[in-house]
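As given in TrEMBL:
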type     : residues  : note
TRANSMEM : A:12-32   : transmembrane segment
TRANSMEM : A:37-55   : transmembrane segment
TRANSMEM : A:61-84   : transmembrane segment
TRANSMEM : A:96-116  : transmembrane segment
TRANSMEM : A:136-158 : transmembrane segment
TRANSMEM : A:192-213 : transmembrane segment
TRANSMEM : A:225-249 : transmembrane segment
TRANSMEM : A:256-276 : transmembrane segment
Amino acid sequence: MTLFIQQLFDGLALGGVYCLAAIGLTLIFGVLRIPNLAHGTLYMLGAYVTYFFLVTVGVPYVAAIGLAAVVLAVIGVLLERIVFHPLRNAPHTHHMIAAVGAMFFFQAVAQAIWGADFRRMESPISGSVTILGAQISWQRIVIVVTAVIVLGLLTWFIKRSIHGQTIEAIEQDRTGSSLVGISPSRVSMLTFGLAAALATVAAGLVAPINLLAPTMGDALSLKVFAIIILGGLGSLPGAIVGGFTLALAEVMTSTYVSAAAGEGIAFVVIVLVLAIRPTGLFARAVQR
Amino acid sequence: MAPMRIRPGATVTAAACAGALLATSACGGGAGSGSDTIVIGYSGPLSGGAAVYGKNIQDGLQLAIDDLNERGVTVDGEEYRVELQSLDDQYAPDAAATNAQRLAEQDDAAVVFIPHAGGIQAAQELNSSRTEFLLGAYSSDPKIVEQGNELTMMIPPSFKSYAEPFVDKLTQNGESKLGLLGTSSEYGQEWTKLVTEEWKSRGGQVLSDNSIDYATVSDFAGPVSRTLADNPDVIFLGGPSQPTAVIIEEARRQGYEGSFLLMDQAKFEEMEEFTDPENLNNAIGVKPVRDYDDPGTDDLLDAYAEKVTKKQPVTSEVALNYQSAAIVVTAMQQAGSIDDSAAIREAIPDAIGEVDEHFHVSGFPTEITDAGHLRNKDLEAAYRTPEGEYEYLPIEQPDE
């Protein structure tokens, strides 16, 4: 039972990180219809920029994540302007090639600035709490709580604020929204900025329990793609449900079956979901 | 007549282009043909996930080459400068083999260093056929000398030597349950198999295998709690030092008080930088370089801090490759040839005794086996006691 509680919390923390990263990816897909293969490297850059503010500049942890999110939002906007915007009328393969190019570029930049060696980011949140016999570190509790708060704010932003609603409008009907005066160009920038900022929050939260390396985004990138395919490409609730489902499936399978099975479970779940519902759990935006 | 105008921008561009062209051709020509240079080839991961590892080895080789040049290298009456040519293979075996061939053919390298078992095995396919070169093999996988390749020089101790004494040491107080938390690379799996067999041969119980890929797992807490759920007395783990240190810290945080049996890839001196050293108490692993008192140890530590970095400690990757670069160059001097790789290989047994003491830094080899394995008869392992002191214990090396 202790083991179950322990793994449940680990799974929820991991799910929170997956969600934050996956939402950005799914938003970009919803608005621009492109699979942003460079998303994992934005997450990696987010972690390094947080590290820079926390360790090199010395601002407090939460402020470091906030500042890094702002920096990454700017990088996200630039990425959209410089790389994807000029390709808006190009065939889809071009976006993918450009995204892979951006991925290598960001990795090389991180390696040039911070080196290829692992970095450790100490979080001021240390210690752990005992819940029903399981040792849960405060950092993991912070991850879960922050993820929930950020997801709540995001939902409010997209559903209630004018700028957020434009994102949803473009997702639903690009031509229609242009006709009522929504600029797809501005929404694309907003989406990229938002996605990069969310990935940064995820990275800033997870960095203290892991290590920073220029390749840290690679594994995550694969997982978040699995998540948004599982949840339905472009679907916000899909990314949230998919993120937690996948994280819990991963943790529980490796606990009760085997570690190797845990690594592969994401893909078993995807195959099953796609066999039953080929459009993913919450498909909607991809229909057109 | 209107005066001819040359845009200043164009001039600069043209000059830059010409300069770049010159520089390129100078490099290409100089390295390849050089009658007075000895080129040592190196193909290793210089970018990607294993870049630090590849860089460490490159630094070790370069430091040795700098010291050799400073002392002067004379082969068969002629003076030479030694030069290191490095190519990036991102840890891919096929890229390593292509690089090795390129280094041997284009740059006339008689010796090529490769630091990963896959690349070594791929290069062994071709180093004794069309292109001949001596392979400086930095991998502790015993397979690389079992191939019968005559132009291989295996640099580090084989990991086979470690399993038995490590298990001996950690079962002294009747410990019987071994948890497995190694890295899931091929190399990690070989180690896991070896330590499992060793443990079982003493009648001990081996618990479930929780091997994970240290590079891709986002949160180590899960695998650690699974391993601890079976109440192990000893945990086997190890991969790159930094994630290993984080896993050890997590295990201690979750209340584990037993001992750790560390794979040779993880180094105490690096882990101490990443976690409170107290977490590492009661663990056995390879001996830190700084604790050797060979004639050249301190000089290497100083040179590394001065020329490479002060932020990282010297590890055995740096030290062992430093030593072996000196061995191959001395072997060239003994053989009286800078390009006959077979003669260079044959001269290694004599060269070992002739290498300047300055290059003795961390258990300098005392012999090379017929299969091509550099060995030090007084190999030692390090045990960090529960009080945080290091103890050294001798290691018997198996016959090859």
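Quick reminder: no glycine exception, Cβ is built from N, Cα and C everywhere.
When Cβ distances are compared across the two stretches, the transmembrane segment (A:225-249) makes no contact with the transmembrane segment (A:96-116), since fewer than 3 pairs at least 6 residues apart fall below 8 angstroms. If you count C-beta pairs under 8 angstroms between the transmembrane segment (A:37-55) and each of A:61-84, A:96-116, A:192-213, the highest count goes to A:192-213. Put simply, of A:61-84, A:96-116, A:136-158, the stretch with the most CB pairs closer than 8 A to the transmembrane segment (A:12-32) is A:136-158. Sequence-distant contacts of the transmembrane segment (A:136-158), counting only residues of its own chain at least 6 positions beyond either end whose CB sits under 8 Å from a CB of the stretch, comprise 6, 9-10, 12-13, 15-17, 19-20, 23, 123, 125-130, 164-165, 167-168, 198, 201-202, 205-206, 208-209, 236, 240.
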